[in-house]
Amino acid sequence: MIEPAKVSHAPRPRWLRPSWFAVVTVGLVCLPQGRSQLGAAFNVTPADVAAGVLVGVAGLSALVHRQRLPRGVVLLLLPAMAVVLATLASTDVIASLPGFVRYVEIFVLVPLAVAIVVRDAFDLRLVAGAVVFAALVQAAVGCWQSATESGASYAGLSIRAVGTFGSSDIMGMSTVVSYGFVIALAVALSQRGWIRTAAVVVVAFLSLALVLSLSRGAWLACLMAAVIMLILSGWRKLLGVACLACLVVGAGLAGGWGSTTLKERVESLASVSSQPDQSVNDRYGLWEAATGIWRDHPIVGVGPRGFVAFRDTYAPLQVSAGSDIADPVNGFQRQELRSPHNMYLLVLSEQGLIGLLAFVLLWGGLLVYTLRRRSLGDPAPERAATPAAIGLLAWQSTNFLYSDIGGPPTVAMSIMLGLLTCWALGTWTRAAA
């Protein structure tokens, strides 16, 4: 049986809780980047600075209050040990250091910090609510961009919803909106009355924004997460939400642009093998390069940030040198393809089998702990936590097939990983401080 972590701190006003630093971090994730920052190999964003402050505050809080964490947090140390080994064995240790810092930040320090500062149900709802609010803001901006043709360029028209992230981070809006979608769907499936009604409205609005994002990877990941969450909640709910999804898709198709653009985008999902477009061809080529790097460096890979140095040696000739992006704010740019756009292959090529094993053990361990908590049953106020955790695991595991870490949304992912760790390992107590 999983017991909450024991904490010895005195009650404090809610506005003084350290969990507010996690809320600020989520908010800064959505801060637009300047043109000079776009495409840089390494840059520190305001969200990274806030995440660093969060880590410092959490560490100080844990020391002052002598906070004890469950032994399960050792799961977070597995990727840290793997990336240390890969960095030491790297062909260029100095060049690998930024990647090492980033990997440890995202998969170890920030999740651990969130697990420390989220002490009770209020903190859990506060941080999760911040994620949903950020998702709603991004969805509103994205819908406006699509309606006014002020988003990222797609087929010559600025109709792609990208939120405040711009065309340089085409997956940014869809990632944040997807996190809000998972949380809101979990609430809709587990609560009753006006809370369920409000959650259903949020799910519908976020679904529309996801449709307008034209992000095929986010679509598939949300579909996978929703199906798993609905199956676990009962078949009647599955059928009800399926009908709602049909209505949302119909609303997207009802738009003047949607009847053609969305249809082409959906049809492209079925032709990724037979008639792949240039972006899919580039992805296949980058996957081939990643597997080639791994075959020659099977145990510890070539080190963090090493993929880009070996890419041209292993990539097929038809892979583009970069991706063309454009939006009304930053104009036209050519963005270098610096990763294989597959997290599993990125880890495999840069950290070898040891890194991939540590990565899989992290996610597998969190899944096991989450299922154990589900078997124990949740009190009414926290019933949404377990389906949200399972949905996040399903979404992230699926999305990693088409994307990897990079950009400010990655910090949001680390916050979500922290919430997942907090719930799965029981690092909080239900008593409100």
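Every residue gets a Cβ built from N, Cα and C, even glycine.
Features as listed in TrEMBL:
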type     : residues : note
DOMAIN   : 202-360  : domain 'O-antigen ligase-related'
TRANSMEM : 46-65    : transmembrane segment
TRANSMEM : 72-94    : transmembrane segment
TRANSMEM : 100-119  : transmembrane segment
TRANSMEM : 126-147  : transmembrane segment
TRANSMEM : 170-189  : transmembrane segment
TRANSMEM : 201-232  : transmembrane segment
TRANSMEM : 238-258  : transmembrane segment
TRANSMEM : 343-369  : transmembrane segment
TRANSMEM : 410-428  : transmembrane segment
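The stretch from 100-119, 126-147, 201-232, 410-428 that makes the most Cβ contacts under 8 Å with the transmembrane segment (72-94) is 100-119. Sequence-distant contacts of the transmembrane segment (410-428) (same chain, at least 6 residues past either end, Cβ-Cβ under 8 Å): 2-5, 22, 25-26, 29, 45, 47-48, 50-51, 69-70, 72-73, 75-76, 102, 105-107, 110-116, 118-121, 123-124, 127-128, 131, 134, 175-176, 179, 366, 369-370, 373, 385-386, 388-389, 392-393, 396.
Of the ranges 46-65, 170-189, 343-369, the one with the most Cβ pairs under 8 Å to the transmembrane segment (126-147) is 170-189.
When Cβ-Cβ distances below 8 Å are used as the criterion, the transmembrane segment (46-65) is approached by residues 7-9, 18, 21-22, 24-25, 28-29, 31, 105, 109-110, 112-114, 116-117, 408, 411-412, 414 of the same chain, each at least six residues removed from its ends. Looking at the domain 'O-antigen ligase-related' (202-360) alone, the prediction's average pLDDT is 80.
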